């Protein structure tokens, strides 16, 4: 079957009236480009397809010129699949590969918090499944407005319930993430989701539709009207001043049970080698899946093309129009390419699992994507024009007008009053550990099943989530996500590098070697030159940092238009890092569990409070420069942490970041159930020592018998270290400053979120 380049049938269904391309998010130039590409006016269905595929969400038209530099990050021997696929894949040894990726579902989660978050999890899980992997874990970096704001009370409980409800039903442990509160996210919550999966190295799947005559099979749920316009309206437009999109589409509705059996069906299809190509249906639904698989097939150099009959698509609503069927973002659907010989077996296997499977088309050699509806051709397009050859913009950049002023407003002692006496330091500590961004996340994480599948070794509140891949050998992985919008507001280049450095520190503190990076870049409108300058700086910072650390960027996501009216969110790059264990039994937790262990501070502390939690919590101040980043020192610190864990020299390790040494000590004491006696250097400023947020630091607990061996290693490698105390008792005692009991710390640390959002029953 071949398509007709002139496509007279498609032309015949185009209405004579002016087409509403601007309402669909297309510019005059883009509409003219479509006409030039087709040699005619597009049909309604074609116009809808171009509008979603050329949206910011699908085409990356404003970000692509900056993302290209990630391809220059190191291509390590472990990297099997890099940028451009549904998710990156790395070889972890023992015949296994791991795939991981982070995505956003920000705008839908504001409109419908439960379903927006739930389908965000479902979508990233299918991305991992599409690569051929069994999903084994989820992380959820979340950001909301002020903790006590009425809108946060509406959004946060629904988001948490949606993530927990969907992930728990799938049997996926939620092993990590973040919860951050800041007024910048009022009306623009960030709901990012990372999923990781594992597979045999020889089971990596491709999305390419190849093999003339092969069947195109739709698997999973029926198609309805939910989510129509999601990528072009929710994901590619700014909220108006009223807190919602001017054009409100329906948010997708998730069904985790259908997703679960779809996962098992696909994994069996992969194991039995019954598919030649596979693609999930996420943003832009069938439009995206059909165009990307067809374009990928043609890109292989083999004869390609596709003909599809929309009348064969199982519908939930019989009255749907062709463009609605193509644009629907109904969840729990996959598109498979199957040989005619394998088709009966595929259909029988799906029936056995209770999964709807329908042949809707055929791979052709036409070089075009042709779609029929009620006997007429409603789409006849070159698929590359939708999937690969859309508009690319090099938008203007302008450094924010207040950039220098904000950075000059440093939180110096002359600018912001600092605690000096022991009682003042004690009060500051209690206030910080109870603050929304530093308090316990148990109210959130207790709603997630962190240990289902029995593969979880460490989970929140640990520095990284750790999963066992092999019970026989102990092979395992660690994952962490980090981001700090305040740092990035002060300096998007340095702020992004700080997020990368912290995520690497987190997986190294757990005992694993960082091996790969993913990212979710959350920004305001790309039409704002100041936002685009921030974005360009963030991309450059991440690319340079990865080159310095020797880590590949395997893929990620860009989420633009996170703003209300003309006010964007702080630039918020969220960085995910994958770490590798030879043996997860050597992992290092954060808790101080052994009385008498020596506490050693690794790294150097400076007076660095720009963008700090202390400055915000005590003074509502955001200004100055963020902490400095030294990647050579970060890499050395990571190597020391991994060696100490591997060689049995550490009983606990915790990276230092928000809240500084004081926050890390509180978290480790409460996690392990033991107190600590701390001695600060003579002549030092206790406030700086306790609350500075200098990067490149960690606190470790070392058995006395291992102290000399560990410190000798630090000396030989050139890593600064200092003995700061000992694990002891049931108080946190800072010599000559203050003492506070663990019970008082626990009450302050654990009481905040239940007081704000209600106690869990």
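Each Cβ is built from the backbone N, Cα and C atoms, and glycine gets one as well.
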Of the candidates 22, 205, 252, 497, the one that Swiss-Prot places in the substrate site of 104, 105, 106, 107, 126, 329, 330, 331, 559: 252
Candidate from 168, 506, 519 that Swiss-Prot assigns to the same ATP site as 60, 101, 556: 519
Candidate with sparsest Cβ neighbourhood (10 Å radius) among 104, 331, 519, 557, the listed binding-site residues: 557
Assigned element (helix, strand, coil) containing residue 57 (active site), judged by DSSP: helix
Neighbour-count leader, CB within 10 A, binding-site residues: 103, 127, 280, 329: 329
Listed binding-site residues among 60, 101, 329, 556, 557 whose Cα sits within 10 Å of residue 127 (Mg(2+) 2 binding site): 101
60, 101, 519, 556 excluded, remaining Cβ within 8 Å of their centroid (ATP): 67, 83, 102, 103, 518, 520, 521, 553, 555, 557, 558
Rounded Cα-Cα span from residue 280 (Mg(2+) 2 binding site) to residue 105 (active site, proton acceptor), Å: 16
Among 101, 105, the most crowded of the recorded positions [Cβ within 10 Å]: 105
Chain-internal residues near residue 60 (ATP binding site), provided their CB is under 8 angstroms and they sit 6+ positions away: 67, 558
Which recorded positions sit within 10 Å of residue 557 (Mg(2+) 1 binding site) - Cα, from 57, 101, 104, 106, 329, 519: 57, 101, 104, 519
